[in-house]
Amino acid sequence: MYLLGSLCEILLLSLNTNCGPPPSIENGVVTSSLTENYEDGSTVQYSCNEYHVLQGSITVFCSRNQWTTPPVCIEPCTLSQEEMAKNNLLLRWSFDNRPYFLHGEFVEFVCKAYHTGLLSNSPSDFRAQCQNGQLLYPQCVKHNG
(Lines of atoms letter the chains of each structure in order from A and count residues from 1; the text may use other names and numbers.)
(Lines give C-alpha, C1' and ligand atoms only; values in the text may rest on other atoms or scores of the structure.)
Protein backbone atom coordinates (compact mmCIF):
# COMPACT_ATOMS: atom_id res chain seq x y z
CA MET A 1 0.00 0.00 0.00
CA TYR A 2 2.81 2.41 0.88
CA LEU A 3 4.56 1.67 -2.42
CA LEU A 4 1.38 2.45 -4.37
CA GLY A 5 1.02 5.80 -2.56
CA SER A 6 4.63 6.73 -3.34
CA LEU A 7 4.19 5.69 -6.96
CA CYS A 8 1.09 7.89 -7.26
CA GLU A 9 3.02 10.83 -5.82
CA ILE A 10 5.84 10.30 -8.30
CA LEU A 11 3.38 10.07 -11.20
CA LEU A 12 1.60 13.25 -10.11
CA LEU A 13 4.87 15.11 -9.75
CA SER A 14 6.11 13.95 -13.14
CA LEU A 15 2.82 14.93 -14.81
CA ASN A 16 2.78 18.44 -13.38
CA THR A 17 6.27 19.92 -13.64
CA ASN A 18 5.38 22.99 -15.66
CA CYS A 19 5.61 26.58 -14.57
CA GLY A 20 3.06 29.16 -15.51
CA PRO A 21 4.08 32.36 -17.26
CA PRO A 22 7.29 33.94 -15.94
CA PRO A 23 6.84 36.66 -13.32
CA SER A 24 6.60 40.20 -14.62
CA ILE A 25 8.94 42.82 -13.19
CA GLU A 26 8.42 46.52 -12.68
CA ASN A 27 10.36 48.67 -15.17
CA GLY A 28 11.55 45.63 -17.10
CA VAL A 29 10.56 42.94 -19.60
CA VAL A 30 11.16 39.30 -20.46
CA THR A 31 13.49 39.29 -23.47
CA SER A 32 13.10 35.58 -24.26
CA SER A 33 10.31 34.27 -26.48
CA LEU A 34 7.15 33.73 -24.46
CA THR A 35 5.24 30.44 -24.66
CA GLU A 36 2.20 28.99 -22.92
CA ASN A 37 3.99 26.20 -21.06
CA TYR A 38 7.40 26.13 -19.49
CA GLU A 39 8.77 22.71 -18.60
CA ASP A 40 11.01 22.08 -15.64
CA GLY A 41 14.47 23.43 -16.51
CA SER A 42 13.19 26.14 -18.86
CA THR A 43 14.77 29.58 -18.59
CA VAL A 44 13.80 33.13 -19.51
CA GLN A 45 15.88 36.28 -19.50
CA TYR A 46 15.03 39.83 -18.47
CA SER A 47 16.19 43.33 -19.26
CA CYS A 48 15.37 46.67 -17.69
CA ASN A 49 13.88 49.77 -19.26
CA GLU A 50 16.28 52.53 -20.27
CA TYR A 51 18.18 54.16 -17.38
CA HIS A 52 17.18 51.39 -14.94
CA VAL A 53 19.83 49.16 -13.36
CA LEU A 54 19.23 45.40 -13.21
CA GLN A 55 19.91 43.87 -9.80
CA GLY A 56 19.94 40.10 -9.47
CA SER A 57 20.24 37.38 -12.06
CA ILE A 58 19.28 38.18 -15.66
CA THR A 59 18.14 34.53 -16.04
CA VAL A 60 15.22 32.93 -14.19
CA PHE A 61 14.66 29.15 -14.09
CA CYS A 62 11.53 26.99 -13.93
CA SER A 63 12.18 24.48 -11.17
CA ARG A 64 9.55 22.19 -9.64
CA ASN A 65 6.55 24.26 -10.76
CA GLN A 66 8.08 27.54 -9.59
CA TRP A 67 10.21 30.28 -11.09
CA THR A 68 13.37 31.28 -9.30
CA THR A 69 13.50 34.87 -8.01
CA PRO A 70 13.36 37.43 -10.83
CA PRO A 71 15.68 40.44 -10.96
CA VAL A 72 14.70 43.94 -9.86
CA CYS A 73 15.06 47.04 -12.02
CA ILE A 74 16.24 49.97 -9.90
CA GLU A 75 14.96 53.41 -10.87
CA PRO A 76 17.28 56.20 -11.98
CA CYS A 77 17.41 59.61 -10.33
CA THR A 78 15.84 62.48 -12.22
CA LEU A 79 17.77 65.70 -11.84
CA SER A 80 15.35 68.33 -10.54
CA GLN A 81 16.00 71.88 -11.74
CA GLU A 82 13.48 73.00 -9.11
CA GLU A 83 15.48 71.38 -6.26
CA MET A 84 18.72 72.78 -7.67
CA ALA A 85 17.27 76.32 -7.78
CA LYS A 86 15.78 75.97 -4.27
CA ASN A 87 19.17 74.89 -2.91
CA ASN A 88 21.18 77.43 -4.99
CA LEU A 89 23.07 74.71 -6.86
CA LEU A 90 24.65 74.29 -10.27
CA LEU A 91 26.09 71.15 -11.81
CA ARG A 92 29.85 71.09 -11.35
CA TRP A 93 30.43 69.84 -14.88
CA SER A 94 28.44 71.59 -17.59
CA PHE A 95 28.83 68.63 -19.97
CA ASP A 96 27.06 66.42 -17.44
CA ASN A 97 23.73 68.19 -17.91
CA ARG A 98 21.69 65.03 -18.46
CA PRO A 99 18.26 64.44 -16.99
CA TYR A 100 18.94 60.98 -15.49
CA PHE A 101 21.62 59.46 -13.31
CA LEU A 102 21.79 55.70 -12.79
CA HIS A 103 21.49 54.03 -9.40
CA GLY A 104 24.91 54.24 -7.73
CA GLU A 105 26.21 57.14 -9.84
CA PHE A 106 27.42 60.37 -8.27
CA VAL A 107 26.27 63.86 -9.21
CA GLU A 108 28.62 66.74 -8.44
CA PHE A 109 27.31 70.21 -7.59
CA VAL A 110 28.75 73.65 -6.82
CA CYS A 111 27.11 76.60 -5.12
CA LYS A 112 25.84 79.47 -7.26
CA ALA A 113 27.92 82.68 -7.22
CA TYR A 114 27.83 84.52 -3.88
CA HIS A 115 26.59 81.38 -2.10
CA THR A 116 28.32 78.94 0.21
CA GLY A 117 27.58 75.47 1.55
CA LEU A 118 25.11 75.49 4.43
CA LEU A 119 26.85 72.81 6.47
CA SER A 120 30.36 72.74 5.02
CA ASN A 121 32.61 73.95 2.25
CA SER A 122 34.03 70.47 1.75
CA PRO A 123 33.88 69.37 -1.92
CA SER A 124 32.75 65.88 -0.85
CA ASP A 125 29.58 67.42 0.58
CA PHE A 126 28.64 68.53 -2.91
CA ARG A 127 28.54 64.99 -4.30
CA ALA A 128 25.22 63.20 -4.15
CA GLN A 129 24.83 59.51 -4.92
CA CYS A 130 21.74 58.25 -6.70
CA GLN A 131 20.14 55.67 -4.39
CA ASN A 132 17.00 53.85 -5.54
CA GLY A 133 15.76 56.84 -7.53
CA GLN A 134 16.51 59.38 -4.78
CA LEU A 135 19.08 62.20 -4.66
CA LEU A 136 19.86 64.08 -1.46
CA TYR A 137 20.67 67.61 -2.64
CA PRO A 138 23.26 69.65 -0.72
CA GLN A 139 22.24 73.18 0.30
CA CYS A 140 23.88 76.52 -0.41
CA VAL A 141 22.96 79.86 1.19
CA LYS A 142 23.75 83.46 0.25
CA HIS A 143 26.94 85.00 1.75
CA ASN A 144 26.48 87.57 4.48
CA GLY A 145 28.56 90.50 3.41
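Glycine residues also receive a Cβ, built from the backbone N, Cα and C atoms like all the rest.
Quick look at what TrEMBL lists:
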type     : residues    : note
SIGNAL   : 1-19        : signal peptide
DOMAIN   : 17-75       : domain 'Sushi'
DISULFID : Cys19-Cys62 : disulfide bond
Checked against DSSP, the composition of the domain 'Sushi' (17-75) is 0 helix, 24 strand, 35 coil
Mean of the pLDDT scores, which run from 0 to 100, over the domain 'Sushi' (17-75): 95
Tell me, how many other CB atoms lie within 10 A of the CB of Cys62 (disulfide bond), whichever protein chain they belong to? 21
